[in-house]
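**Q** As listed in TrEMBL for this protein:
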type: ACT_SITE; residues: H312; note: active site
type: ACT_SITE; residues: H357; note: active site
type: BINDING; residues: 34-61, K440, K442, S519, R546; note: substrate binding site
type: BINDING; residues: I648, D650, N674; note: Ca(2+) 4 binding site
type: COMPBIAS; residues: 457-476; note: compositional bias 'Acidic residues'
type: DOMAIN; residues: 25-132; note: domain 'PH'
type: DOMAIN; residues: 142-177; note: domain 'EF-hand'
type: DOMAIN; residues: 178-213; note: domain 'EF-hand'
type: DOMAIN; residues: 490-606; note: domain 'PI-PLC Y-box'
type: DOMAIN; residues: 607-734; note: domain 'C2'
type: CARBOHYD; residues: S193; note: O-linked glycosylation site
Amino acid sequence: MAGISGMRGNSGACSCLEGDLDLQFLLQGGDLLKVRSPSWKKTRYFKLQEDCKTIWHESKKTFRTNQTFTVDDISAVRIGRQSEGLRKYTEEQVEGRCFSIMFKGRRKNLDLIASSEEEAKQWVSSLEKLISKLNNLSCQKKTEHWILSCLRKSDKNKDGKLSQSEVKNFFRLINIEIDDDYADMLFKKCDKSNSGYLTGEEIEHLYELLTHREEIDVIYGEYAKTTGFMSPENLMDFLMKEQREKLTLTDANKIIEKYEPDENVKQKKLLSKDGFLRYMHQPEALILNSDHKELHQDMSQPLNHYFISSSHNTYLMEDQLKGPSSTEAYVRALLKGCRCVELDCWDGSDDEPVIYHGYTLTSKILFKDAIKAIKEYAFKTSDFPVILSLENHCSVEQQQVMAHHMSSILGSALVTSPLGEGMPTEFPSPEELKGKFLVKGKRLNKLEATFASEAAAADDTDVTEEDESNDEDEQKEEEKSKKLKLAKELSDMVIYCKSVHFHGFDDARTNQSFYEMSSFKEGKAVGLAEESANAYIRHNVDKLSRIYPAGSRTDSSNYNPVPLWNAGCQIVALNFQTNCTDMDVNQGRFLVNGKSGYILKPAYMRDTATDFDPITLTRGNWLKHKTLHIMIISAQQLPKVNKKKSSIVDPLVKVEVFGVPADVAEKETSPVENNGFNPSWNENFQFDVYVPDLALLRFLVEDYDSTSDNEFVGQFTLPFNSLKMGYRHVPLLGKNGDRLPSAGLFVHVMVLDAE
């Protein structure tokens, strides 16, 4: 095993980049100016550590050398004054010397200034190359990389050998508690030289003992019928019988050609156990149907026939009372595939409108800066349209400024008139709106008026404006008298998403045009979804509905989006800045279809005469009763929850089904004590799923605690219809929704038509 045969050997990205000048630059490191405020700019020495995974930096004055972060923590490296901090705290003349390291989760950006433009470019290109190499490592390589890193940390005196106590420390680092007798036995088994320490090949032997997968041995042994190896016919047999894949012998040969690491075995057109495990970790062999990861749905239906990934208070990084507002929050939401962002607009100084959560201590950002950030990042993850949901509290004068900024910054990408000729009768499709921005807000008149000569100029500049910052009940009386003056320039930008108040389904059917949409507070929406689900679904066949969290959620907590999707609501807005089960489910819903942020609703939710009701579940083509059988077999390399050396996880796995009320269920395994490295369960569960089109499956790993709440370790959520059958690895995501590098579950899945 080439990267593990000696503590000083390089692994993973390091071996891929051996001799590479960019890698040498990072390993050597250099001084950079760290920027926190106009007055706080300090020199720090940054360098990549030998594990090729950790960036270390120290202060010249205090020589604090324990300041590190891992390359896995980095979400992006951006050249120039792109971050809010650098724009605010540095001058334009240092633009070329600036760069920012953006982190996953809520960690603040690292804003840095290099001594020259060339050096800044070198840091950025070198880091990007390293991140790319790490991201492209196979799961096996990531495991090797991680274990080598733990071996290095365990070698306290850096002599390239592991003593018995260092081996025990290594076990704790990889999240496994081994009793002393077993640890001693393993040590003696590997210490062939009887020297009292392990070196070179002995360390490699220890690695092989630890990473041995008994369950893989059993599966491989069942099908390896050709001199102890798998032939193409054996592999095809496995793929068809166990994995329910429709593959040919040619496909089996291609898999062997691509994934068999031993050239001698490959020449004989055979697959070894290592090659088999390597294949089982590939994206096409994981639990998520790889065809569904790509854009595969019909994108030519009207816009309101899709569930749309949507954010609430997009500008906030934390809570709604005193948390910071930031353009970075828009960037993060858009990069996660969000297609509807909210802009809470208020009058600012110097005639520049600002965005913040009104009547609170949240910080403010300029409206124009938010629009610039949105323009730059809107279509990096998805090409499909972005809806700008305006909550407008500005004076007419500053509304005119808003209209000017949107027009000048977004240019022709901003939809300012209906597509096609004449007055439309339905929404254009996401395909027709690719690369476009739609404004959602108040409008002075009906869209039809723009096609009638006498209505070109509207006399009335007064409209009522929803204010989400107040509770609905408190608001009712003051809403009657509260009027907002609306600038015609801003009004004219509202084409397909005109905000109107909801006065009941009958009124909407009679008086609302297709482009007139209502926003519902979660409580109101959940009530309608429970009591009038079918009416709500029919309403959403030709109208858009937006749902937003209750004002009482000042901590930016979320609500369960599933009952609202079940009622056909398209824009179910969540606080993207908050890590929680609801956001995990949202991420799972929009994981497929190319992460486009648009998921086509089932046909029976796009039919005005539909009888579908998720509560009563009367008979219809939505009822496709399935029985889901899941076996939780094992897990690999679960991260520590508590970073203390002595702390080891006691993992258990919960399997949760989200969907119509009849499908909602949860089952869990028993906990495995003191083993996060390779715990096994072999526990079977069965679920009934009646409406698979709307169901989602969530695997949740927790650290069991008998005295308090279990702690989150990792999770993965995916649509039920995107499940692959057979033996599958399940990748695990951390709290912030990013992949945990080496961690995963191994399960067996079977979906059968119920009798």
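For all residues, glycine too, the Cβ spot is worked out from N, Cα and C.
For the listed features, I'd like the structural context: burial, neighbours, distances.
**A** In the structure as shown, the Cβ atom of H312 (active site) sits within 10 Å of 30 other Cβ atoms.
Residue environment of H357 (active site) contains 25 other Cβ atoms, counted within 10 Å of its Cβ in all protein chains.
Within the same chain, residues at least 6 positions away in sequence whose Cβ sits under 8 Å from that of F46 (substrate binding site) are G29, G30, D31, L32, I55, W56, H57, L112.
Helix, strand and coil content of the domain 'EF-hand' (178-213), in residues and according to DSSP, is 22 helix, 2 strand, 12 coil.
When pLDDT values are averaged over the domain 'PI-PLC Y-box' (490-606), the model yields 95.
Contacts of S193 (O-linked glycosylation site) defined by a Cβ separation under 8 A and a same-chain sequence distance of 6+ are given as T199, E202, in order along the sequence.
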**Q** 10 Å Cβ neighbour count around E58 (substrate binding site)?
**A** 17
**Q** How many whole Å apart are the CA atoms of D650 (Ca(2+) 4 binding site) and E50 (substrate binding site)?
**A** 31
**Q** As a test of the contact definition, list every same-chain residue at least 6 positions from P38 (substrate binding site) whose Cβ is closer than 8 Å to its Cβ.
**A** Y89
**Q** Sort the residues of the domain 'PI-PLC Y-box' (490-606) into helix, strand and coil with DSSP and give the three counts.
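**A** The counts are 49 helix, 20 strand, 48 coil.
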**Q** By DSSP assignment, list the helix, strand and coil residue numbers for the domain 'PH' (25-132), in that order.
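**A** Going by DSSP assignments, the domain 'PH' (25-132) contains 35 helix, 40 strand, 33 coil.
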**Q** Taking the Cβ of K440 (substrate binding site) as the centre, count every other Cβ atom within 10 Å, in any protein chain shown.
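**A** So the number of other Cβ atoms within 10 Å of K440 (substrate binding site) is 23.
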**Q** Could you work out which of the binding-site residues (E50, D650) has its C-beta surrounded by the smallest number of other C-beta atoms within 10 A?
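**A** Lowest Cβ count within 10 Å among the binding-site residues (E50, D650) is E50.
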**Q** If I take the Cα of N674 (Ca(2+) 4 binding site) as reference, which of the binding-site residues E50, T54, K440 has the closest Cα?
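**A** Among E50, T54, K440, T54.
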**Q** Counting by DSSP, what is the helix, strand and coil composition of the domain 'C2' (607-734)?
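**A** Helix, strand and coil residues of the domain 'C2' (607-734) number 9 helix, 60 strand, 59 coil.
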**Q** Would you mind reading off the Cα separation of K440 (substrate binding site) from H312 (active site), to the nearest angstrom?
**A** 13
